[in-house]
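First up is the structure itself, then whatever we jot down about it.
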Amino acid sequence: MTPHRLLPPLLLLLALLLAASPGGALARCPGCGQGVQAGCPGGCVEEEDGGSPAEGCAEAEGCLRREGQECGVYTPNCAPGLQCHPPKDDEAPLRALLLGRGRCLPARAPAVAEENPKESKPQAGTARPQDVNRRDQQRNPGTSTTPSQPNSAGVQDTEMGPCRRHLDSVLQQLQTEVYRGAQTLYVPNCDHRGFYRKRQCRSSQGQRRGPCWCVDRMGKSLPGSPDGNGSSSCPTGSSG
């Protein structure tokens, strides 16, 4: 076989090797359409460590955010096992999530589950509150056996604004589900005094933004809202 006849097969083999090399075109994740990939930062690529090709993609809602990437209420969801956390020590964590300034970090267990065992075990040499009250009852029969505890929760409830109380109840019910974005959620948007900000929005679902509406500082909807797509501005007379 002459060298001229060998040239076309060699060129074809070279082209196949270049296409399969790491420097070639990025492989697309199954389930991410071409239109969806255009909105995914960095493209939709397969993992190099042999993981599931679809790990970085949602079925029909665009690419999932990887660990360390920015996230928020209006961004695609974090990958499984990750949660969108606001910046540490941020004074307005929910506002940071609304602005997309969170980070996808490993999911953490609720802190309450870790604190309860420590609180239930008194240190050696210390008397439990019920034992102290029992001794006081024996010395002073006219006193009450109910432990006297400061009503810190009640004081906080009276000092909190209506939006902050609403927010606390939502967080208690949803706990970590608030940041996962598995479904459309409503998390109250409060100002630093605990009242409602003028613009309230539901969370996004995939790359589709949730609806927004306008309220006064007590959370009452104002005329002309919601608009259904979150594009209108709210009047300046309400809290925000």
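Glycine is no exception: its Cβ is also placed from the backbone N, Cα and C atoms.
Of the candidates Thr126, Thr143, Thr236, Swiss-Prot marks one as O-linked glycosylation site, and that one is Thr126.
Partner cysteine of Cys190, as given in Swiss-Prot, is Cys163 (from among Cys163, Cys212, Cys214, disulfide bond). Only one of Cys84, Cys104, Cys234 is recorded by Swiss-Prot as the disulfide partner of Cys214: Cys234. In Swiss-Prot, the cysteine linked to Cys78 by a disulfide bond, out of Cys57, Cys63, Cys104, is Cys104. The disulfide-bonded residues near Cys84 (disulfide bond), taking a 10 angstroms Cα-Cα threshold over the set Cys63, Cys78, Cys190, are Cys78. Cα to Cα, Cys71 (disulfide bond) and Cys104 (disulfide bond) are separated by 6 Å. Cys214 (disulfide bond) has Cys201 as its nearest neighbour among the disulfide-bonded residues Cys63, Cys190, Cys201, going by CA to CA distance. Of the listed disulfide-bonded residues Cys84, Cys212, the Cβ environment within 10 Å is emptiest of other Cβ atoms at Cys212. Within the group of disulfide-bonded residues (Cys71, Cys234), the Cβ with the highest number of other Cβ atoms inside 10 Å belongs to Cys71.
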